[in-house]
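As annotated by TrEMBL, region 'Disordered' applies to 1-39. Under the heading transmembrane segment, TrEMBL lists 58-79, 99-118, 139-157, 184-202, 214-236, 263-284.
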Amino acid sequence: MEGKEEDVRLGANKFNERQPIGTAAQSQDDAKDYQEPPPAPLFEPDELTSWSFYRAGIAEFFATFLFLYITVLTVMGVVRSNEANGNTCKTVGIQGIAWAFGGMIFALVYCTAGISGGHINPAVTFGLFLARKLSLTRAIFYMVMQCLGAICGAGVVKGFQPNPYNRLGGGANMVSKGYTKGDGLGAEIVGTFILVYTVFSATDAKRSARDSHVPILAPLPIGFAVFLVHLATIPITGTGINPARSLGAAIIYNNEKAWDDHWIFWVGPFIGAGLAALYHQVVIRAIPFKSK
């Protein structure tokens, strides 16, 4: 018995209790060997002669087109049911709208991440540009293609059902009754901060190098963040957090109220994206404080 007790004692003390577990159990050499990728140049003329540059823009266009098509139809379906029955519970309701937005982002980011990075949102592109993850040339090109895709997506919905589109609001973002423009702006800033911060965390190059599962799972937390933000802010602004989505619906719907509030859905998301980029790069990654 004494021999067995000795074996148990030795076995229990064989591994230090302070040994890291989980992802922290990776070799410390990996962290030491990791080198921060160089910042993207502000202007990269060679991009303009590369097919991959234009292919990425086309991917952003079609992803945003599909995003608007599905989500605007979902919003109109819920509004139609509420108009007829006075009760959104008879359809997918707010939860269903949130799932449509979050689910589409999950699917589209998964499909386009390897081609364009799967931004599908000028605010995301802006945040990544501030962090020097892409050039100004590519950022502007992405934003233009995203906006064009959003306009076409909403336009196709209106083309299929013009009368219901105008009657049901066309999925346009507006500040709801009972809320001020300040409330709407704050909701858009915080909502976009959550989304862009999630994008930075899910696509962090250092985490990807350390944990092989991170790039594969990246679309999931991004889509889930979109879902949660929609649950919280649909009653306030209908949830923008994506200037292209708001612009596409506003242009096709073309309503005075939608245009009066439209600036909120550009200023708010861009401020939120800028704050998220600043927080991730300066506080979380402490990149300005790292020795050269």
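Glycine is treated like the rest: Cβ placed from N, Cα and C.
Curation does not apply to TrEMBL; its annotations are automatic.
Among the stretches 58-79, 184-202, 214-236, the one making the largest number of Cβ pairs under 8 Å with the transmembrane segment (139-157) is 58-79. Within the same chain, the transmembrane segment (99-118) packs against the transmembrane segment (58-79): three or more Cβ pairs sit under 8 Å, each pair at least 6 residues apart.
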